[in-house]
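Trainee: Got these off Swiss-Prot a minute ago, pasting:
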- 1-26: signal peptide (SIGNAL)
- 27-490: topological domain 'Extracellular' (TOPO_DOM)
- N100: N-linked glycosylation site (CARBOHYD)
- N168: N-linked glycosylation site (CARBOHYD)
- N319: N-linked glycosylation site (CARBOHYD)
- 491-508: transmembrane segment (TRANSMEM)
- 509-515: topological domain 'Cytoplasmic' (TOPO_DOM)
Amino acid sequence: MFVPYGSLMRYLFPALLLHGLGEGSALLHPDSRSHPRSLEKSAWRAFKESQCHHMLKHLHNGARITVQMPPNIEGHWVSTGCEVRAGPEFITRSYRFYHNNTFKAYQFYYGGNRCTNPIYTLVIRGKIRLRQASWIIRGGTEADYQLRNIQIISHNEAVAKKLSELVNNTCPGFIPEDSPWEQDVSYDLLREENGCECTKALNFAMHELQLIRVEKQYLHHNLDHLVEELFLGDIHTDATQRRYYRPSSYQPPLQNAKNHDRTCIACRIIYRSDEHHPPILPPKADLTIGLHGEWVSQRCEVRPEVLFLTRHFIFHDNNNTWEGHYYHYSDPICKHPTFTIYAKGRYSRGVHSAKVMGGTEFVFKVNHMKVTPMDVSTASLLNVFNGNECGAQGSWQVGVQQDVTHTNGCIALGIRLPHTEYEIFKMEQDARGRYLLYNGQRPSDGSSPDRPEKRATSYQMPLIQCASSVPRSEESPEENKIRLYSSRAPAKHPSASALALVLFICTVSYWDILS
């Protein structure tokens, strides 16, 4: 079987490098005869690993999340904070879906990464119709939409002038020369009944409505605290391609204004806002990035083209080394594992980004990697490939880890070693004071940010800190982690294996992960 190397390399390293694996570690049992210092380190390692393991185990047990199929999107949905889109663009969203399938969506745009200075607002009206369950993204629902009207309102004179020039350069004569746009006045960018349309000036599209997922969960096991989240399709990282892109992943979720996390201050502010009163979020200071300690996924994450995973990163700031555990699954709630990847390398401290306000730039190098197939289909697929380009030929077994460093990675998974990526990070605190770590969003075209000019300008879903420091750089007990990870995965049923094989082949044919 031949799988295009270029396609593989586009998506596997993205999922790899800082995309995601991760179940927490097993507890270590120190030898009672060990040196006191070793006992102290072992005890600390056991504690931090128990914390990280507990947080990821919660995800792998379904995190008590209910997915609505088909989704009920009727209601008012709002952003939970200041979102960053590629460009960068800083935005908050407020979407209303009505029982007659119509919708009204506000997109509030800002001049900074804290969403404190609104510059313009789009008001989008249209109609949406849910279709079938997505055959590409499991757990998602496909939808069609039709736009009826789009209005734009500038919130200061300089922006009104700039937008007027942009629109007229794109659509000559769209705005009469004697009637330039003014501040706080609504103007049509699209009106269905008279054919008025110039959305391409802003590279605007609402294709996010083509992929939908609704999740429900009760926070802290409290039946009185229901939270509903609406996931809409991802936005292409190249603004010029947004009008032609069909989503294959998700944006950060919106929360139902009626059933939202009560600690979400931004939710309440955005809920009360409109085009004449855009939301102004509370100002926050940018946190200094400190890459140390351990960080894990907060949810089962979705990557383009049938890739579901969780991540666990370990940073050793004493010597600038890092480790990443990436656990991949065939399902959107991360219950059925397919393979794991353990990677490690070095990172260099960068500088504050001149392009993305609030971001800090890093360079990551990967020089060591291990792979573990977690189901029969994946092991079989790895054994199909000829030559020693992914571990020892024909030697792959379910649950048995192999070091692929000596074969310069794994061509079957699209991984080449050594590999360098140019990253961007930011750090925030949630309403409960917990630290969140964001790293760069993978390019939508599947390429790798292997040059400075390809560095991301937006972010992935955040990781949450599960251990604040790491005593010293050492390889964590991967065998124990894999045993825990695989203990709940009955991957030998023929039907499950067949499905996993199809999913794996479809995914691998589009990956290009550490290229």
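The first residue you see is number 1, and the count goes up from there.
For all residues, glycine too, the Cβ spot is worked out from N, Cα and C.
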Trainee: Round to the nearest Å and give the CA-to-CA distance linking N100 (N-linked glycosylation site) with N319 (N-linked glycosylation site).
Mentor: 59
Trainee: Three-state secondary structure of N168 (N-linked glycosylation site) from DSSP?
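Mentor: N168 (N-linked glycosylation site) sits in a helix per DSSP.
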Trainee: In Å, rounded, how far does the Cα of N168 (N-linked glycosylation site) sit from the Cα of N319 (N-linked glycosylation site)?
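Mentor: Checking the Cα atoms of N168 (N-linked glycosylation site) and N319 (N-linked glycosylation site) gives a distance of 54 Å.
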Trainee: I'd like the number of other C-beta atoms within 10 A of the C-beta of N168 (N-linked glycosylation site), please.
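Mentor: That number is 18.
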Trainee: Please work out the number of neighbouring Cβ atoms within 10 Å of the Cβ of N100 (N-linked glycosylation site), leaving out its own Cβ.
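Mentor: Other Cβ atoms found within 10 Å: 8.
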Trainee: Which whole number is the mean pLDDT over the topological domain 'Extracellular' (27-490)?
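Mentor: Mean per-residue confidence for the topological domain 'Extracellular' (27-490): 88 out of 100.
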Trainee: State the count of C-beta atoms found within 10 angstroms of the C-beta of N319 (N-linked glycosylation site), not counting that atom itself.
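Mentor: If we count other Cβ atoms within 10 Å of N319 (N-linked glycosylation site), we arrive at 8.
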